[in-house]
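Worksheet for the structure shown next.
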């Protein structure tokens, strides 16, 4: 079981100070790498449709998966033809290109990819080379906008809009790896098009063995439950259950962990509540104690208005460029 170091989220700490020189070196490497793309010394793949990148500058969960689900479905509802590309973290397919289906194996394409595909109505491709994934989407599906899931630092993929998500821990101590949780300096947020705070709304709790069997949120009050989470920010999940009144016995696992039946060998009959990402990998277990806690992203109205105005304008501009207008 792994979790982010506590000192990452403390303003001052001895270990953070000791690691600061390495953090400074890391920042230099990140800036040089990004600069090589900016001046054209490294190739950037460009495409005839808008590429929307959703990501973050911190290590760990920032609510990307629920947000991408919302964005893909909202684009579809508004008449667009979206597609999604991802690296397929946690699976083997990041070494080769693969189209994701509802029946894809999380071991092959990653747990997040399977969860996304079960909740969106658009094509999705996973591959380490996101540019190749976009080309495959455009060759085989009539997409007019592509969402890049967790590709903020994947500079070889050209982009038209960048959305950075921030979770409840914000930027931690404000330092880059390894002294802090930042993948890039915090000044990177000044260059993205949108910064959206993570906000998740509880949807439902259902039994894995029989999804028709649900638990009302009111039933959680004063109920002792095992909360199991192999996600980037398990503390957020535990806090959600506690806010609903549950007495939580927390079991954090490393992100993208693949469970075994013995992981649930607790010495009691308390319910075991999993995140959606974890539940995807536990449906084979014949255990009536296993329940899934599903959530939805809550997205600010102002962002929605600004984003859809921009994406419509970008599509029109790219169409005009293709037609030589």
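Every residue gets a Cβ built from N, Cα and C, even glycine.
Annotated ATP binding site per Swiss-Prot: 58, 59, 60, 61, 62, 63, 64, 65, in sequence order.
Taking the features listed in Swiss-Prot, we show where each one sits on the structure.
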{"residue": "58", "record": "ATP binding site", "contacts (Cβ under 8 Å, 6+ apart)": "166, 167, 169, 171, 172, 181, 182, 183"}
{"residue": "59", "record": "ATP binding site", "contacts (Cβ under 8 Å, 6+ apart)": "4, 177, 181, 182, 183, 232"}
{"residue": "60", "record": "ATP binding site", "contacts (Cβ under 8 Å, 6+ apart)": "4, 167, 169, 181, 232, 233, 255"}
{"residue": "61", "record": "ATP binding site", "contacts (Cβ under 8 Å, 6+ apart)": "167, 231, 232, 233, 234, 236, 255"}
{"residue": "62", "record": "ATP binding site", "contacts (Cβ under 8 Å, 6+ apart)": "56, 165, 166, 167, 198, 232, 233"}
{"residue": "63", "record": "ATP binding site", "contacts (Cβ under 8 Å, 6+ apart)": "165, 167, 198, 199, 200, 297"}
{"residue": "64", "record": "ATP binding site", "contacts (Cβ under 8 Å, 6+ apart)": "54, 55, 56, 149, 150, 165"}
{"residue": "65", "record": "ATP binding site", "contacts (Cβ under 8 Å, 6+ apart)": "112, 115, 116, 149, 277"}
For residue 58 (ATP binding site): DSSP state (helix, strand, coil): strand
Cβ within 8 Å of the mean position of the Cβ atoms of 58, 59, 60, 61, 62, 63, 64, 65: remaining residues of the chain near ATP: 56, 165, 167, 198, 232, 233
